[in-house]
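A short write-up of the structure that comes next.
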Amino acid sequence: MAPYKYRGSLNIGFQLSITIGILVANVLNYFFNKLDGNLGWRLSLGGAVVPALIITVGSLILPETPNSMIERGKQEEARTSLRRIRGVDNVEEEFNDLVHACDESRKIEHPWRNLLQKKYRPQLVVAIMIPFFQQLTGINVIMFYAPVLFKTIGFGSDASLMSAVITGSVNVFATCVSIYGVDKWGHLPKWYAIVVVLFICIYVAGFAWSWGPLGWLVPSEIFPLEIRSAAQSINVSVNMIFTFLIAQVFLTMLCHMIGLFLFFAFWVVIMLVFIYFFLPETKNIPIEEMVIVWKRHWFWSRFMVDVDLPNGFELSKGSDGVKKV
């Protein structure tokens, strides 16, 4: 629904909402910890009901997108909605593209089976590897267990919770920076404990500038409509599965502190290589033209031999191999 030139910033808004939620939870936990008795942890745990209720009520009043209206046969309503969203009267070209994409998607009877076709191999691999790598950055170890980590390096209970608030604040700030740039570019701890917190903040900022928002943004920009639902389901499922697995094994890994961070460092190197060589740039590229990007790619082009180009494009002998006509 978002214009493709603003799609990056708006998609990162999803990650920004997550980071704000984490920060709010960290702040509340800090103050709940000061309450006497067992009331603090009860409020901390029970407070999760509030956002859950907001999401439930909000889902009931969520407006339909032009694409969903077209799928339900409400074409005139979809055209009106598209005009309102874009702020212009002439939306026929985009509207016709949506209608065509919807018609093509109706012909797809088995999206899960089609996702295994050779021509969708790039999207399938990215749908699996992006969330897999996102979790193996170890970010949720920091977000979930920040107080535990800080206690192991000498902070008291209050200081550990406050350090979690600090890392959450850095996460929110760095995510805001990425939104601006993505479409343009107890006892006092020993001194080394402060240094550890500093480097953790740098690490969190690095995640918020890269894997945090782009882990959700990139998959949303590469899936054609005919496999979008199946591919996004895989993307989210892989993310949730590895979030769960890493959360479960972390405390055991914490007993081997050196090995723990070497483990995540190893995967950061692997994902750096993958992104550099196998993930093409998607900035300002309409989803319907992503096939051109895959055809130009040095590796993925071998899977796109029998795939037709979008209307208005043809093969050429130039360096790009594709030109607009």
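One-based numbering along the chain as shown.
The backbone N, Cα and C atoms fix where each Cβ goes, glycine too.
Listed features, source TrEMBL:
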type     : residues : note
DOMAIN   : 1-283    : domain 'Major facilitator superfamily (MFS) profile'
TRANSMEM : 12-32    : transmembrane segment
TRANSMEM : 44-62    : transmembrane segment
TRANSMEM : 124-148  : transmembrane segment
TRANSMEM : 160-182  : transmembrane segment
TRANSMEM : 191-211  : transmembrane segment
TRANSMEM : 231-251  : transmembrane segment
TRANSMEM : 258-279  : transmembrane segment
Apart from its near flanks, which chain residues at least 6 from the ends of the transmembrane segment (124-148) lie with a Cβ under 8 angstroms of it?
22, 26, 29, 115-116, 157, 160-161, 163-164, 167-168, 171, 200, 203-204, 207, 211-212, 215, 218-219, 222-223, 231-232, 234-236, 238-239, 242-243, 246-247, 250-251, 254, 261, 264, 267-268, 270-271, 274-275, 278-279
Going along the chain, which residues at least six beyond the ends of the transmembrane segment (231-251) come within the CB cut-off of under 8 Å?
115, 120, 123-124, 127-128, 130-132, 134-136, 138, 140-141, 144-145, 148, 215, 219-220, 223, 260
